[in-house]
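As written in TrEMBL, here are the features:
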| type | residues | note |
| --- | --- | --- |
| DOMAIN | 134-204 | domain 'PAS' |
| REGION | 264-305 | region 'Disordered' |
| COMPBIAS | 270-281 | compositional bias 'Basic and acidic residues' |
| COMPBIAS | 284-294 | compositional bias 'Low complexity' |
| DOMAIN | 401-740 | domain 'PDEase' |
| BINDING | HIS481, HIS517, ASP518, ASP646 | Zn(2+) 1 binding site |
| BINDING | ASP518 | Zn(2+) 2 binding site |
Amino acid sequence: QVLLVFAEEDEQSNGFRWACDKAGFRCNIARTPQSALECFLDKHHDIIIIDHRHSRYFDAEALCRSIKTTKASENTVIICVVQRHTDREESSILPLISAGFTRRYIENSSRMACYNELIQLEFGQVQAQFKLRACNSLFTALEKSQEAIEITSEDHVIQYVNPAFETMMGYQIGELIEKELTEVPINEKKADFLDTINSCIKIGKEWQGMYYAKKKNGDSIQQNVKILPVIGQGGKIRHYVSISRLCNDNNKVEKTCECIQAESQTDTQTCRHKDMRKGSLDVRSTTSRGSDGSSQRRRSSMARVHSMTIEAPITKVINIINAAQESSPMPVAEALDRALEILRTTELYSPQLGTKDEDPHTSDLVGGLMTDGLRRLSGNEYILSAKQTHQVAGSLSSPISLNDIPPRITQAMENEEQWDFDIFELEAATHKRPLVYLGLKIFARFGICEFLNCSESTLRSWLQVIEANYHSSNSYHNSTHSADVLHATAYFLSKERVKQTLDPIDEVAALIAATVHDVDHPGRTNSFLCNAGSELAILYNDTAVLESHHAALAFQLTTRDGKCNIFKNMERNEYRTLRQVIIDMVLATEMTKHFEHVNKFVNSINKPLAALEENGNNGDGESIKTVLRSPENRILIKRMLIKCADISNPCRPREQCIEWAGRISEEYFAQTDEERRQGLPVVMPVFDRNTCSIPKSQLSFIDYFIIDMFDAWDAFADLPNLMEHLNNNIKYWKGLDGRNLRVLRPPP
């Protein structure tokens with residue numbers, strides 16, 4: 001692209017316009033310095049031609065200086081058009097160069113002269129600038145390389161080292177640039193060794209082998225080095241590039257790579273730095289990583305980190321792997337390197353979508369459920385129920401006794417101990433108040449009042465307060481969902497393996513957590529609240545916003561009024577333990593930690609139990625008990641229990657599964673509608689009520705979140721009926737999707 005800056009149209013500007021057309025270059029014309037600068041910042045031209053012949057219109061040198069101050073001009077060629085003077089001595093071009101011009105063009109309006117000038121620029125300065133632009137990418141690759149890289153001149157003067165080199169050798173780049181390699185490597189057969197190297201590199205061949213070198217602190221290290229001569233001007237070797245990997249030596253555990261340099265064309269020395277001179281020029285000062293003082297401070301801090309006596313488990317794992325690398329062959333050491341790279345990431349349990357990211361249903365569900373939203377700088381705020389007046393015991397009608405439940409409701413709860421229990425029948429019988437009635441029955445079955453030492457009337461009041469603070473206007477996250485999760489939790493607690501594992505206080509905590517786990521849910525996801533800048537998102541720092549609110553509000557509602565405080569008669573330490581378990585279980589329902597919880601459960605519980613069974617230890621009660629009863633594993637089991645209860649809809653009988661699918665879809669549709677009304681980021685675009693395929697969305701959710709989790713939970717708790725329902729429901733949704741139907745049920 002070419003920018004012509006001429007105050008007026010004349011033969012010279014027309015000549016360059018014609019030349020641009022002939023050469024196929026895109027051309028813009030600016031008449032003033034201001035419009036020229038604006039145009040350049042918008043288009044980023046490769047060539048700028050500025051008219052310097054008439055100072056009365058504008059100051060060409062001032063314009064050039066203005067352009068050169070911009071970041072975009074770093075690789076731009078700027079040409080100055082000057083007047084032709086035949087009657088006086090040639091003037092110096094230094095003022096033009098000082099102003100930032102690349103070269104001058106003496107006035108010549110001949111079209112071919114203009115064309116020739118542009119072609120020379122294209123294959124000269126412009127092409128050179130293209131190469132310089134590419135260098136930025138190459139240096140970025142070098143900077144991020146885990147192999148230590150060193151580049152020297154033909155005279156073995158260091159011109160570049162990357163951060164991996166600095167880290168391993170203990171030098172800062174300022175200590176190395178412009179220094180010669182003077183230290184001879186330690187090797188028993190030095191003469192033969194140097195001859196071998198030089199015989200390769202002086203004829204332009206690469207050399208690879210083992211080196212011993214010294215770090216700045218004097219430690220000797222062994223390196224696997226590759227030295228590559230680089231042919232340059234005149235067909236001669238102009239640079240040497242060394243790429244090195246560190247070998248472990250003398251029981252020192254070190255990672256990454258190191259570099260060495262070899263001399264060629266001389267039979268004298270090979271490699272390594274002496275005590276380098278101070279204060280030499282750093283030719284990369286524009287990208288240096290801090291002053292010597294700050295570097296020294298960071299090294300001191302890092303030394304203290306390495307000497308810490310309190311180690312996290314992941315640190316111990318990394319140290320064990322590092323130690324194992326010492327005696328491992330190269331393929332194993334490289335594999336362990338890759339393992340260490342994975343362990344050092346922050347998202348250890350969140351799988352990458354892989355090929356699934358092509359499915360918008362899966363990517364939208366993952367984005368909507370497992371992230372905290374796209375941050376939005378806006379005055380629009382979504383005010384949740386943080387300022388609402390929550391229902392308390394005194395504002396509700398007197399609860400009925402368990403003995404006074406109407407016959408229709410009693411009949412609806414007859415089979416509540418079975419998995420196929422119909423929560424929607426109870427919802428209809430109770431006029432959308434199933435939680436109080438089901439809660440009274442399940443809590444009585446598990447002896448909750450006896451454990452808490454509270455009266456039945458207190459429990460009734462508490463259940464009414466909690467249910468009143470669920471939003472009946474939500475299609476999915478209402479008290480029916482809470483009652484459904486409570487039912488699933490009670491069902492799981494009745495399974496033999498779970499009963500072997502959990503204590504009575506765990507059962508009480510699980511039932512209470514299930515009851516309150518979504519209290520005051522607004523029918524919107526965490527991502528929505530964060531994007532909208534809601535008061536709750538601000539209060540909880542965009543982290544587990546709703547789950548934190550559910551847990552906190554549950555205890556606020558419970559403890560603010562003695563009439564519904566089911567904890568008021570508990571001993572202090574027991575209450576604190578119970579509270580801790582309830583909070584942990586409610587927070588476990590947050591989906592961003594889904595894969596962490598599932599993978600920990602599989603690795604800490606499923607696999608050890610399977611190993612015991614494979615080794616014929618089915619009857620070894622003590623070994624199984626050790627796995628099940630450890631405090632850490634009991635926490636994992638309780639988290640997995642409530643997670644499975646919370647999203648068990650795909651494992652329910654078909655009609656219930658379909659009803660839940662319709663309700664959650666409607667809630668997501670409503671969120672998408674509101675996001676568009678408010679101008680918020682749409683976190684799940686696929687949930688557009690006009691285009692969404694509910695079968696596809698269900699299959700994506702089941703495939704990504706449900707199958708692995710319930711396989712693991714079934715292997716632990718033995719749930720064949722759930723897995724049969726799940727398989728049947730998958731077939732049902734696939735059948736609809738195969739017919740390209742987007743609705744819940746096939747047409748009659």
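Every residue gets a Cβ built from N, Cα and C, even glycine.
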>> Please identify, from the binding-site residues HIS481, HIS517, the residue with the sparsest Cβ neighbourhood, meaning fewest other Cβ atoms within 10 angstroms.
In response: HIS481
> What other residues of this chain sit with their CB within 8 A of the center of the CB atoms of HIS481, HIS517, ASP518, ASP646, the recorded Zn(2+) 1 site?
Replying inline: HIS477, SER482, VAL485, ALA514, HIS521, THR589
>> Limited to the domain 'PDEase' (401-740), I'd like the whole-number average of pLDDT.
In response: 95
> Once the chains shown are all counted, how many other Cβ atoms turn up within 10 Å of the Cβ of ASP646 (Zn(2+) 1 binding site)?
Replying inline: 23
> When a 10 Å sphere is centred on the Cβ of ASP518 (Zn(2+) 1 binding site), how many other Cβ atoms does it contain?
Replying inline: 24
